[in-house]
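Trainee: Here it is: the structure, laid out below.
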Amino acid sequence: MNYLDLIQILDSSIRLATPLLFACLAGLFSERAGVFDIGLEGKILISAFFSAAVAALTGSVWLGLLAGIASSMVFSMIHGLASITFRGDQLISGVAINFLAAGMTVLIAQDWFSQGGRTPQLSGGARFSPIELPFAEALSGVPFIGPLYADALSGHTILVYVGLLTVPLTWYVLFRTRFGLRLRAVGENPGAVDTAGVNVVRLRYAAVAICGVLCGLSGSFLATGLAASFTQNMSAGRGYIALAALIFAKWRPWYALGACLLFGLLQAISNRYSSIDLVLFEIPNAFVLALPYILTVVILAGFVGKAVPPRAGGQPYVKER
Amino acid sequence: MTTMKTLLGAVAASALAAGAAMAEPGLIIDLGGKFDKSFNESAYNGAQRWVEDNDGADYLETELASEAQREQTMRRMADRGANPVVVLGFANGSTLEQVAPDYPETNFVIVDMVVDQPNVQSIVFAEHQGSYLVGMMAAMASETGTVSFVGGMDVPLIRKFACGYAQGAKAANPDVEVIANMTGTTPAAWNDPVKGGELTRSQISQGSDVVFAAAGGTGVGVLQAAADEGELAIGVDSNQNYLHPGNMLTSMVKRVDNAVYDAFTAAAEGELQTGIVVKDLSNDGVGVAMDEFNEDLVTEEMMAAVEEARAAIVSGELEVHDYTSDDSCPALTF
């Protein structure tokens, strides 16, 4: 493996990590506020469908993006209604959302387009096209750094850069603003926040809404950035991998970036090599693909530090009886 | 009460008898979906053509939604009186092995697999022969000397495609390098266009400039990625040349539509032969798709080479190794 191979693998990992990163940060907001969300998968899927469908109908990828975010927000609000207002079980509501999205997308797609649960192929303005970062051309000649910048970092669609910028933004919002402090407090001890006169229900709804926006971006990127149409169940478990990444990252934004890039890298490696030859023994492809899950289990078992979830996570807040 | 029961029973019996007498053919669309632009869609088109040619004729059709429904769907189709019941894909083999003996009066047709039962017609295609021809074209069209293959689920059938492709490529250019990747090891690999696209980009970054997709619905992502990168792609099963004109070198067509059409027609005339039916180059079961979308990409030289190889294979002069015959491939390691 030479340097050029490495650059190409990094390029591929950034692309593969982006949908995970959006979903992982979405889960971060929601779970930091004490609302567990295993419905990430369903929200990615519904957003992928609506962004592809609206982009196909209007020819504009931006309208598609808006539609994707809106649909994901609606699902977030359903989750909020069930688990915050009606104090239902958050896991069950999440599972319901996943099932609803899996069935609904195919049904509507069949009704609108009659192509067996797909949307038509998108082209031109109905897709996100790659953008070149400034000076990419000029810097490509510089040894070492040049190819890294020009080939791996530059030339992705705009949502990839939005995703990377969301990480510092998330960190700033959660750790440097009053809103973030309250949001984190609501996930640890909602009673105390309530005593201080802050509306717990409103804060949790805000967190769930942000989660909806980020899942919407993830789904939209999948259908209009990476692929060029919606296909049945195209999220293919990315919502669950994002949850694994969230635990792996111990509910921290910068760690989340690291975890998603690592998971993306593992996928990129397994895509490229059918088996990895380490002179003494060979690592099969399937093992590399399974590594994210194995690492998460190791972290959960407490071998490498401890992953402590927000203390009030999963419990609906009851003001008084 | 008892009279009621008898009456109902009689009605049910007569309904069954009527169903059996009409004996509509039945088609079970496999996972991947009816409009996968590939394997299943080809079968569906064959059934539709049969309906058009026999106006007024009708057939039963269902679509599998999950692996677990195979047996239930097959039995229900047979219970409803469909004859023959056509099932698509190798994954139905073990299920049909159990179901077929329970319905001795019903004929079954299975595509892509051999099931040794007296009432089953097994249709197998010589995919390695068709893949050999497109492999030759790929190697001749390649400027980088590297061509690649994206498979769906990693099963012997798909390796048969890959192996034929690699042999053809090496026959046209002994120095050619062939990269092969499989999308996955579960049925979900037939329907993951995002991963298909990523595999394709990875192969293109390794120098490949012609990509052959044999991956069902995943292939849609493969062809899209190749078109996005401005390289050539080869479709599979159905003629997919129209999907990206200018970037589609050709398609390795596998006439599943003809297989379904012939089975329906033979059954309507009461002449369905059970046993193994082989569809290969000699009876146009497999072939290379040429139409207005790819005529500018295919040179005279390629056509001549393909024609020559085709004649040699049909006459038996040239033998293309079939991966499934001994689970190994001389031209490619997996």
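Yeah, the Cβs are placed from backbone N, Cα and C, and that goes for glycine too.
The structure displayed is predicted, hence computed values, not measured ones.
According to TrEMBL:
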TRANSMEM  A:12-29  transmembrane segment
TRANSMEM  A:44-70  transmembrane segment
TRANSMEM  A:91-113  transmembrane segment
TRANSMEM  A:158-175  transmembrane segment
TRANSMEM  A:205-228  transmembrane segment
TRANSMEM  A:240-266  transmembrane segment
TRANSMEM  A:278-304  transmembrane segment
Trainee: Residue list, the transmembrane segment (A:44-70) vs rest of chain: Cβ under 8 Å, 6 or more residues beyond ends.
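Mentor: Sequence-distant neighbours of the transmembrane segment (A:44-70): 19, 23, 98, 101-102, 104-105, 108-109, 112-113, 119-120, 122, 124-128, 212-213, 215-220, 222-224, 229-230, 233-235, 238-239.
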Trainee: Which of A:12-29, A:91-113, A:205-228 has the most Cβ pairs closer than 8 Å to the transmembrane segment (A:240-266)?
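Mentor: By the under-8 Å Cβ criterion, the transmembrane segment (A:240-266) pairs most with A:12-29.
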Trainee: Using a Cβ-Cβ cut-off of under 8 Å, list the residues of the same chain that are 6+ residues beyond the ends of the transmembrane segment (A:12-29) and lie near it.
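Mentor: Long-range Cβ neighbours of the transmembrane segment (A:12-29): 37, 40, 43-44, 152-153, 156, 159-160, 163-164, 166-167, 170, 174, 183, 207, 210-215, 217-219, 221-222, 225-226, 238-239, 241-243, 245-246, 249, 251-253, 256-257, 259-261, 263-265, 267-268, 271-272.
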Trainee: Look at every Cβ pair spanning the transmembrane segment (A:158-175) and the transmembrane segment (A:91-113), keep those 6 or more apart in sequence, and say whether at least 3 of them are under 8 Å.
Mentor: no
Trainee: For the transmembrane segment (A:205-228), could you work out the same-chain residues 6 or more beyond its ends whose Cβ comes under 8 Å from its Cβ atoms?
Mentor: 15, 18-20, 22-23, 25-27, 29-30, 32-33, 35, 37, 40, 43-49, 51-52, 55, 61, 64-65, 68-77, 79-80, 84, 119, 121-123, 126-128, 157, 159-160, 162-163, 166, 179, 183, 186, 234-235, 238-239, 242
